[in-house]
Amino acid sequence: MFKSSNQQVVEGRFINTTLLVVQDVPSPPGRPIIITVGSRSVTVRWQASLQENNSPIVSYLARIKSVEGNRPTKEMVVLPKDIGSATIHGVQPYTAYRVSAFAINAIGSSLQSDDSEIFFTLQEAPESAPQNLKATSNHSSRIHLSWQPPPADKIHGELKHYEIAYRRSGSNQEQVITTENPQKSEITIYGLMPYREYEVFVSALNSEGKGPAATARVVTAEGIPGKPKMIHTTTSPMSTSFYVNWLAPEVINGNIVRYELEWKHGNLTRTKSIQQHLTNPMSAYISDLAPFTQYQVRVRAVTNGGQGDYSDVYPVHTDVAGPGPPIINNFTVLGSHSIYLQWEEPFLFYKNIDSYFIQVTDLASYKQHTRPLYDTSTETIVTGLPSNKEYKVKIAAVTKSLYSNMQYIGVFSKEYNFELIGQPDSNVNFTVADPAAVEKAEQEVESAGIIAGVICGILLIVIVTLVAIGCRSLTCRKYYQAAYNYLAVPTNSNSPPSTSIVVVVDQPEEPVYPAISVGDFLQHVKALHADSDVGFSHEFDDINKRTSVVIKQDASNLPENKSKNRYVNITAYDHSRVLLEKSLQPRQKQSDYINANYVDGYRKPKAYIATQGPLPQTFADFWRMIWEQNSVVIVMITKLMERGRRKCDQYWPDEGVETYGAIQVKHVNTFSRAHYTVRIFSLKNIKLKKQFSERIVHQFHYTEWPDHGVPDFTLPVLKFVQKSAMLNPSKAGPIVVHCSAGVGRTGTYILIDSMIAQINTEGTINIPEFLLNIRKQRNYLVQTEEQYMLIHDALAEYLMCPNSEVKGGELSKYIEKLSESSGDNGSTVLQNQYQLIMAFKPKSADQSFATKSSTECKNRSLEYLPLWPKRVSLPMKPGVEGSEYINASYLQGYNKTDEFIVTQHPLDSTIEDFWRMVWDKNSSLIVLLSQDEGEDYPQFWPDEERPISVDTGIFKLTFREDSPGADYSVKDFLLESTQDDYVLMTRIVSCSDWLNPESPAHKSFDFIENVKEIHARNEIGPVIVVDRYGGVDGAKFCALWTLYDQLQHDHTIDVYHLCKLYHNKRPNIIGSLEDYMFLYSALDSYEHEQNEKESASLSHHFHLRSSAKRNGTMPRSPTLPVHNNTDTVVTPQNKTLPAKIETDV
């Protein structure tokens, strides 16, 4: 309100006039209109207020607020002259705002105008880096990154993706990766160098650019070190020892925790671990060597990332040693001061005998007279000995050192005592005469002395000759035992002539290697094994030289495919690689690459697919390949982890269903055999119509391939190849074979299976030629000489006994064939099988630990000794030599390779060792087959009447109860730890006459069934089987148990296969030919008994077995099929099976 007063005189009167003006705030301005929008500012315009309400507008106020209310409000005062437009600064990018305006006069501010339309400010590059960046590495070539997005108000736009840059610390070369999914906040970077520090930068990106980077430093996990370098040592080798020196690898990839030194001579290899003073140059002392022997020495470094490659082989030749004793074969007294000696050179010497050393001792004064003989003559005259004295004389041979002026004096001969009688002579001097004087000296010898000397010489020569013949016989026998003892295979007269293999393109006009007929192959393999396998070395080296390495593999090296390769140097040849099918969906981008190649079989193109062990990022590709190639058999020959390193990732579900890309994989069943596991999967393509979208796949997983080298026994490998290949239908796709890299063990499998096909088709074998051809389809197939030898040995096993497996119900016919003649020598098939089983003769080195002075006393019989590969070892007692030895061997069963331990009845001195074995191997069941025969076979367990103290300091043994029965007894024991709360319950089931010759052979299975039932209640650890010597009875028990399981589950048996493995693991336990035949007879008797029971049951309309006990034993439990889960699946043979079932594998 405004008031104005005015006074005036009107007609003589004073009149006061007051003017009253009412004022108010202006009316609101018009609705703001957005003119321009930036990322940090906005320009607006509005209409002026229509009514000033008697007070001029002095300014306008523009107010901007975020729609979501998460930004501060901005206000701007605008003078009236600038009402055309106003620019508001300080807004935030990529934010929704609305603007309102106010008019201001002297009275105050108007009401708010209508809000403008909602608008977004423009985007800017992110202002903040990603948060909480974490970089870790648990693999030598990978880094895992995880982070959180930048704060939402700092992204300033729509987040498109993240950019990851990384480089080695100190390097300017950056690698950049982008994530396609902005929601993904973790990534794994592959292909890095081991044990290196990397700098990592992670930035967020929107459409306007890249924001600041979050940074981190991380060191990759330790990797495998490179090869050390052996260097020459200035210290000369000694007779039984030498020093070796080496330098650390140039590339260490971590911290070296130890070196593993290996030295080899012939087939004997020894190792030593060095864990202290790991600084350059390294040195090690190797002792207990053989004199005058060349050793191949090599060393490798070990980090926490694993074992590196061995260094190049460094040959070291030990020095000579002193020879053995000469043999004096003529000793004659020539006179009162001289004697004549003649001898044979030592039987044992190293390189040469360079001279001799003679020693004469005066027995009265013990004064010694010694003289060297500087030549190699084997006779001499000793003169100058005072008469009327008694002496003794002996001779030693001398060999000069290879490396110094040292001379090694050998073992002295047997001493000869003699007495010289005659006139004393003070002028005599001890001398050794020139051998040329012997003829003259002999004229002085009395005839009687000559005759005696000649007779003695003749007798000694005869003895030496016999000894030499015996030693030569031993040498020959040792050589033969070291060789591969393949027995002859009858020549197939119907076999077609030799042919070469044609399997790949670009085949040379003539084969490099000739084919070998089946009849000559065993002799060929034996020749290759001769002289420490030198034939294999030469042939494998030749194959490697002829292998082409200039085949294109561009697809594997494309940047987008490198992460799909498990190993950098194992790639897929372009011309033979498996191409994944393109997606039918035009918008779906899929790569056709997988690290896999087609490999031809014998006269069968693309019979196999050789591929690497799948990586997590290739699981979907792998199953897609299985589906597209119509493969129904997968062969896996690697563990997931070996020597602490990841060899393959688990690409299948253990149970239930997993989906990999478009392929749904359902776990149907898993069952284990001693050396391999079979998994059955149902595959479903979720993008196809239901009736065509499901099929069955079998995975054969060989679980007993060692981490280093090849399996000790070839028979399980051969059986695995035959079983897995047999299950592949003729119209199915390729067998998919993988190990870790998909080359070494994979190639071994392919060659064995293909050569079996060639044997059966052509009657010939050509391993090197076939290998050359398939190496043109995938690189490095069959990587090592050991694998190459394994192929030959497996095929030799196949030729010796190609088909020893018998189907259930056909055993009687097979036994009839065993009695038939098998060849020109008149022996039967059974005899030939037995000879093949017993052909293996162990090397002394394999049993050396059992025959040491500290362990030999622990054996009841030297006929049954454990061999190194399957010897049971105990924890060593500090300071007690031989404490880790017990006469016990692992034997395989149906389910496990170490299902049984066969051992002798403990001696008094080995009772503690026996219970240490029970404790260490966690065995819950002991089967005792030996009788209690007093002092020879003492009771080795405590009971109420005879407590036995077993004091190991680790556990105490307590008797619980005895349950005697009509046919067997059960004794229960507790082994309680003295260091913690662990308790092991174990039982001894004893039956001394389970093989009663007066009972039917099938009765032996009654006891086995009862023992199996007892074991099923606490099925941990191996079953320990005890007989007198750890011999024939124990082997029969283990074999019948195993064959019983095989018959129940597979409906087949293979007695030969099992017995040969048993003999190779513990020689002589198969016993005689009659013992071997007993196994067939017992199984045949069991089958007949079962058939009679089934016939009787059918005749009385019974469909289940009687539940009554038979002869005091428990009834056998029903076997497969299992009926508690019978979802049906379709097999490759279009037969319907219960989902939970085992096939004949």
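Each residue, glycine too, has its Cβ placed from N, Cα and C.
Annotations in TrEMBL come from automatic prediction, not curation.
As written in TrEMBL, here are the features:
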DOMAIN    28-128  domain 'Fibronectin type-III'
DOMAIN    129-224  domain 'Fibronectin type-III'
DOMAIN    227-321  domain 'Fibronectin type-III'
DOMAIN    322-424  domain 'Fibronectin type-III'
TRANSMEM  450-471  transmembrane segment
DOMAIN    536-798  domain 'Tyrosine-protein phosphatase'
DOMAIN    718-789  domain 'Tyrosine specific protein phosphatases'
DOMAIN    830-1086  domain 'Tyrosine-protein phosphatase'
REGION    1107-1128  region 'Disordered'
Among 28-128, 536-798, 830-1086, stretch most in contact with the domain 'Fibronectin type-III' (227-321) (C-beta, under 8 angstroms):
536-798
Taking DSSP helix as H, G and I and strand as E and B, the domain 'Fibronectin type-III' (227-321) has 0 helix, 47 strand, 48 coil
Could you give the number of helix, strand and coil residues in the domain 'Fibronectin type-III' (129-224) as assigned by DSSP?
4 helix, 53 strand, 39 coil
Averaging the pLDDT values of the domain 'Fibronectin type-III' (28-128) gives 87
Cβ pairs under 8 Å with the domain 'Tyrosine-protein phosphatase' (536-798): which stretch of 129-224, 322-424, 830-1086 has the most?
830-1086
Summed over the domain 'Tyrosine specific protein phosphatases' (718-789), the DSSP helix, strand and coil counts are 41 helix, 6 strand, 25 coil
